[in-house]
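A.B. asks: Below is a structure I'd like to ask you about.
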Amino acid sequence: MKKKVLFIDRDGTLVIEPPVDYQLDSLEKLEFYPKVFRNLGFIRSKLDFEFVMVTNQDGLGTSSFPEETFWPAHNLMLKTLAGEGITFDDILIDRSMPEDCASTRKPRTGMLTKYISNPEYDLEGSFVIGDRPTDVELAKNIGCRAIYLQESIDLLKEKGLETYCALATTDWDRVAEFLFAGERRAEIRRTTKETDILVALNLDGKGTCDISTGLGFFDHMLEQIGKHSGMDLTIRVKGDLEVDEHHTIEDTAIALGECIYQALGSKRGIERYGYALPMDDCLCRVCLDFGGRPWLVWDAEFKREKIGEMPTEMFLHFFKSLSDAAKMNLNIKAEGQNEHHKIEGIFKALARALKMALKRDIYHFELPSSKGVL
């Protein structure tokens with residue numbers, strides 16, 4: 001089997017990069033990145049990646065960065081990591097300055113020649129982990145993808161590097177989860193004589209939504225699911241609204257449910273259960289179970305015929321179709337006077353229940369069922 005590698009940056013990734021001079025040149029400046037020990041130790045013990053440290057240390061060995069100020073902190077860092085089971089198969093340090101344009105300086109690949117075009121290594125299955133766009137560019141240059149330790153990828157978009165970023169996060173918990181269990185993404189295309197629907201989602205996203213169904217109020221409700229569950233959600237619908245709203249709403253629920261079910265995968269490590277949310281004058285309760293047995297209990301009444309362009313009779317139908325397609329048990333109850341608040345509260349409660357139930361723990365990566373199947 002070919003070897004996979006994690007090419008790991010040092011400053012800003014393993015340790016906090018010192019502000020002002022960006023030099024880790026004293027023991028007082030040594031501060032480890034939050035959660036790095038538990039998660040990198042987990043990756044080292046559970047997965048088959050080689051660990052290679054790849055770092056630029058500007059002017060190391062010159063008067064601006066004497067070696068005697070570098071090695072004590074560096075060696076203590078390595079010793080501390082090793083004490084937690086984190087060792088490196090190779091450590092590559094470039095000492096040049098940016099203006100030198102050295103072939104060995106990241107994002108150039110001169111230090112990595114032993115891994116490039118080497119049949120023993122699976123670079124497509126490898127990752128660069130780092131906090132700078134140059135780390136993502138290095139991933140591009142050696143033919144792998146990057147885990148970018150930043151929240152925003154705006155800088156990557158400016159440089160045309162966003163497609164080489166597999167994950168953007170500042171949380172080592174997410175890094176370990178991604179490498180161990182993968183991202184829970186899915187895409188469903190549902191086409192009938194009445195509708196053409198695309199649903200794409202990432203259960204481990206940031207709540208980014210791009211929704212267009214042709215029904216403004218329905219869009220607003222679906223946005224609550226993405227925003228308040230934390231999933232990235234794209235829904236594009238072309239439906240026969242010239243007939244009525246029924247097919248658009250029903251088929252969207254089916255496609256969304258199928259997409260959630262597909263993205264869930266094995267369900268290992270998930271919480272499985274979730275519940276609840278009050279809103280203004282309303283109390284809306286949603287309890288759910290991803291146990292594989294669809295069922296809907298609905299206790300909510302609406303006096304108006306429509307809210308926005310959405311018939312209130314379709315609310316129950318939406319959640320029944322969603323429950324069936326996602327193979328989840330839903331129990332929904334809403335009390336209150338304001339009809340808009342009531343249904344919006346239900347959608348928000350569903351979202352928060354989803355967030356709770358979909359939470360995944362790789363350190364307890366078991367199926368949440370005594371039967372051994374969900």
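Including glycine, each Cβ sits where the backbone N, Cα and C put it.
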A.B. asks: Which of D100, D122, D131 shares the Mg(2+) site with D9, D11 per Swiss-Prot?
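C.D. replies: Among D100, D122, D131, only D131 appears alongside D9, D11 as Mg(2+)-binding in Swiss-Prot.
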A.B. asks: Below 8 Å Cβ to Cβ and six or more residues apart, same chain only. Which residues does that give for D131 (Mg(2+) binding site)?
C.D. replies: D9, G12, T13, E17, Y148, L149, Q150
A.B. asks: Name the residue among the active-site residues D9, D11 whose Cβ has the smallest number of other Cβ atoms within 10 Å.
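C.D. replies: Relative to the other active-site residues in D9, D11, D11 has the fewest Cβ atoms within 10 Å.
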A.B. asks: Through the lens of DSSP with three states only, how would you label D11 (active site, proton donor)?
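C.D. replies: Strand, per DSSP.
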A.B. asks: Cβ within 8 Å of the Mg(2+) site centroid (D9, D11, D131 excluded): which residues?
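C.D. replies: Other same-chain residues with Cβ inside the cutoff are R10, G12, T13, L14, E17, T55, G130, R132, D135, L149.
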